[in-house]
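Undergrad: According to TrEMBL, the protein carries these features:
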ACT_SITE  K159  active site, proton acceptor
BINDING   G58, W60, D78, D94, D119  S-adenosyl-L-methionine binding site
COMPBIAS  362-378  compositional bias 'Acidic residues'
COMPBIAS  379-389  compositional bias 'Basic and acidic residues'
COMPBIAS  390-407  compositional bias 'Basic residues'
COMPBIAS  453-462  compositional bias 'Acidic residues'
COMPBIAS  471-484  compositional bias 'Acidic residues'
COMPBIAS  485-495  compositional bias 'Basic and acidic residues'
COMPBIAS  502-528  compositional bias 'Basic and acidic residues'
COMPBIAS  567-582  compositional bias 'Acidic residues'
COMPBIAS  597-609  compositional bias 'Basic and acidic residues'
COMPBIAS  625-636  compositional bias 'Basic and acidic residues'
COMPBIAS  656-695  compositional bias 'Acidic residues'
COMPBIAS  699-716  compositional bias 'Basic and acidic residues'
COMPBIAS  880-891  compositional bias 'Basic residues'
COMPBIAS  892-912  compositional bias 'Basic and acidic residues'
COMPBIAS  913-928  compositional bias 'Basic residues'
DOMAIN    26-202  domain 'Ribosomal RNA methyltransferase FtsJ'
DOMAIN    691-910  domain 'Ribosomal RNA methyltransferase SPB1-like C-terminal'
REGION    354-415  region 'Disordered'
REGION    429-716  region 'Disordered'
REGION    829-940  region 'Disordered'
Amino acid sequence: MPKKREKKTAKGRLDKFYWLAKEQGFRSRAAFKLVQLNKKFNFLENARCCIDLCAAPGGWLQVASKHMPPNSLIVGVDLVPIKPIPRCITFAEDINSFKCRDELRTTLKDWKADIVLHDGAPNVGTAWVQDAYTQSELVLQSLKLAVEFLAPGGHFVTKVFRSKDYNNLMWVFNQLFRRVEATKPPSSRNVSAEIFVVCQDFKAPRRIDPKFLDPQHVFKDLEPLKEAAGEGTSGGIDPAMKGTSALNAHANVFEPEKKRRKRDGYEEGNYTQFKAITAQDFVRGPDAVSMLGTYNQITFKTPEDKALLDHHESNEDIRVNCEDLKVLGRKDFRNLMKWRLAMREHLGIETPKAAQPVQETVETEELEPMDSDEEMDAELERLTEEEQRKLRKERRRRNEARAKKVLKMQLQMTTPMDIGMEQGDAALQGGSEDFFDLGNGPQGKPKAKPQLDVEDDEESDGGESTTISNNEDDEDGEELDSDEERERRLRRLEGDMDGMYEEYRNHLSDRDAKFRAKEERRKNKDLEEWGGIQENKGDDDGEDSDAASSVGGYDVVQSRKGRIDVDDSDSDFSDDDEQEEPAADKARRAAAKGKLRAVERSAAKRSRAEEDDDLDESSLVTTLESKKAAEARQSKEAAIWFDNPLFKGMPGLDGADVDDDEDEEEQEDDSEVDQDEEDEDEDEEPSDEEEDAASDFEVVPREKDDDDSEWHVTDLDVDAEKQRFIDEHGLTTAEAVTLAQQLVNRERTKSDLINAGFSKQNFTDKSDLPDWFLDDEGKHWKANIPITKEAMAALRARQKALDARPIKKVAEAKARKKYKAAQRMAKAQKKAEDVLANEDGEMTQRDKAKSITKLLQKGGSKAKRKETQLVVAKGPNRGLKGRPKGVKGRFKMVDGRMKKELRAQKRIDKRDGKKRSSGHGGRTKGKPRVPNGYGGGGGR
Ligand SMILES: C[S@@+](CC[C@H](N)C(=O)[O-])C[C@H]1O[C@@H](n2cnc3c(N)ncnc32)[C@H](O)[C@@H]1O
């Protein structure tokens, strides 16, 4: 059944960019065009002021506001009003009107735009040719506004229809901008004749001839295409080929594998894509390459054409090839050219000897009739060269940008973080070349890293590289010669970056006490495992503690690790050693590598002037100690290290004294290590081999099996420790609870967990990453382990239960109360027993039972405090000494105010729902609130 053709309804036009725009909250799918253009040319990131002409509904404005730095000025104008967009100023106006210009002036005040965008399209629907012309006029109008508002060096991005005016517009752009490039972003539909022209680096001439911006002149006076196409020249190119760039046509033949878009627009009068040429025309025509690149088919319809097929050179291959030129490869084209030559000879047509440049067009393209293999090769070479030149230019542009950033950083205008972020963004957006990309370039050559050039330039011309050079001749300048050189430059640049990062940190630590404290904490954490050695070393050496702390075990071992590492990098590290080195030690060494690198790089920076490529050990790790002293110290450290009971009984180590107390201490320390830090510690224990490498001891390498068992034991301990922690505290994180619940409910199995362990994060080797990157990543990267609602609910419930528990003081009071009650009961029981044992005979059994019940009742309850009666000292009681009349028991003389206050307090407590803890109530629990002056009026 034939496949149903997709309807050309509006729905049929809803492609992935439409849905993407919807998903990402862009107002139009056009937004992606700007995203992709910016990805390629990177013009938004550094722009401070942007004008978007024909901006409705605002997709481009959204992109600009997203990519431009905060506090940038973004102005959008369109015929139709634009719904407000954060950070953007918009107004409705026709861009052809003076009002629009005035409005822009008012909005921008004295600002100049870094970028002017134009994605305007007239209301299409009339004749295509008319639409195209209106579009071209709109483009010219937007250019007019651009030249008025653009800052020197600014960019202008515009949409152009591929029509006959295209070349004229390009010519004008080229007069006003230093770099002009036409491109069609992937999000622009292929069926659409639109193309985007990115004009970079505005020349900002002091005076612009108004003719440049006048449609009358631009579209009528300049007709380079006509000339290029051969009108008025002796070339006499077929009218069917008008509008097809000769360069493009040639490229179709020389690089047929490259799919070219039709950028030159449709030629006048020919609105079909399919074009055929007769065999006779092909053979007799002047520019075979252009013809092959332009036409789809060579036909053999007329008798003259058919006669050519009778020639012995016209084999089946040629016939088939002529049927569809668009599917041919280079070899097929070559064969067709050969066949054409044979036919020309057969027809007695003279082959032109040398190629005559047809006409210098504004684009300085040359059309050369190519009739021989050599010429074809020459053309191929030319194209390749052109491609390379383009690449170099692009590289240079990036280098310059990079150099600017580096300079800014040096001037403390930005932080390394900014650069990282920008680069990260660029990478996310799929920028044309990644900062860290060392992959191969198109010609199979490794891509030169832009920053390498930068840094080289910087050095050679003392920072002049920050000025942007647009001279195309420059691009043939320096190139990266060899991998070795590239590697060296890369190292140097990294060294610079690290040095700068170090400076930045110093700067921060000078300024920020918090940062200092953090650094200290981090350092202490690192030092933890070596604290023991440091102490011992201090003791053994008899050095004072200050000295020991300044040159601690950590530093020493780090530098030693460094030395091993350097040895390794210089491949002096013997193969044997490497083989003996267990995997864990390798990992440790790798971790140490990262730290060492910083030292290495700053040292590299210092010795930048030296062109010597070798990483000299002494230049990387410098020590103030003499070699002998260092060796002696290292021996002592090693001795202490091998004091560990683990090494007991090892041949060759028996001589080492073992101090049991110290061992115990070390073990205790170990057991106190935080649960969280256990894994790290396990990783960072120093290896025998490392220590061995620097000590005088000769250690017999451990058997592999022993090794394993040892690590297993450690693993068990870690697990036991973790289990103990969990038993004691329960699962403390939502992730852990989620996991536990999933395991219990069999939603996850053990193998799931093992499989999950094979993630890219777990196997990423970070040893080669620079410090600034690792620091930043440590700050911002968080593993995203999913948690469930149930887990959160369980944790919350537990926390609630914890919160509901009484505070310590209350718990103690309660316990005290209980204890006192028990004491009272014990006392009462004792008394009851005495009563029972009473043999007096005065007490009847009944009396005894009565008094025992009374005693036990009393013992069970707290003795009630006798109520103190408050007696107001007024009337006859005023000034009374002794017991007032009619009052029995304890009493207290008070004045009327106190009684009132107590009543008021009772009322307040009742209202607040407070319980009165004593008969008198009051703010202080257990004590009646006695107004001032009544504390001492004691009862009698
Ligand atoms: C393709 S849309 C622009 C889409 C826009 N870039 C976006 O991302 O949302 C073309 C716009 O050009 C506008 N336009 C056409 N002629 C104009 C003129 N003379 N003045 C101002 N705007 C114009 C139209 O109103 C239309 O909104």
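Using the three backbone atoms N, Cα and C, a Cβ is placed for every residue, glycine included.
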Undergrad: Measuring Cβ to any atom of ligand 1 with a strict under-6 Å cutoff, which of the recorded positions W60, D78, K159 qualify?
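TA: Checked recorded positions vs ligand 1; flagged W60, D78.
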Undergrad: Can you check which residues sit near K159 (active site, proton acceptor), meaning Cβ under 8 Å from its Cβ, same chain, 6 or more apart in sequence, and list them in order?
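TA: Correct list: H118, D119, G120, A121, Q135, V139, E194, I195, F196, V197.
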Undergrad: Fewest other C-beta atoms within 10 angstroms of its own C-beta: which of the binding-site residues D78, D94, D119 fits that?
TA: D94
Undergrad: What are the sequence-distant neighbours of G58 (S-adenosyl-L-methionine binding site), meaning same chain, six or more residues apart, C-beta distance under 8 angstroms?
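TA: G58 (S-adenosyl-L-methionine binding site) has long-range Cβ partners R27, S28, G76, I82, K83, I85, C88, T90.
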Undergrad: Which value does the mean pLDDT take for the domain 'Ribosomal RNA methyltransferase FtsJ' (26-202) in this predicted structure?
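TA: Across the residues of the domain 'Ribosomal RNA methyltransferase FtsJ' (26-202) the model's pLDDT averages 89 on the 0 to 100 scale.
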Undergrad: Quick one: give me the count of other CB atoms within 10 A of the CB of W60 (S-adenosyl-L-methionine binding site).
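TA: Step by step: centre on the Cβ of W60 (S-adenosyl-L-methionine binding site), count other Cβ atoms within 10 Å, giving 30.
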Undergrad: Quick check: in three-state DSSP terms, what is G58 (S-adenosyl-L-methionine binding site)?
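TA: The residue in question, G58 (S-adenosyl-L-methionine binding site), is coil (DSSP, three-state).
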Undergrad: Within the compositional bias 'Basic and acidic residues' (379-389), how many residues are helix, strand or coil going by DSSP?
TA: 11 helix, 0 strand, 0 coil
Undergrad: Based on the record's binding annotation for S-adenosyl-L-methionine (G58, W60, D78, D94, D119), what whole-number value in Å is the widest Cα to Cα distance?
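TA: Largest Cα to Cα distance for the S-adenosyl-L-methionine-binding set is 18 Å.
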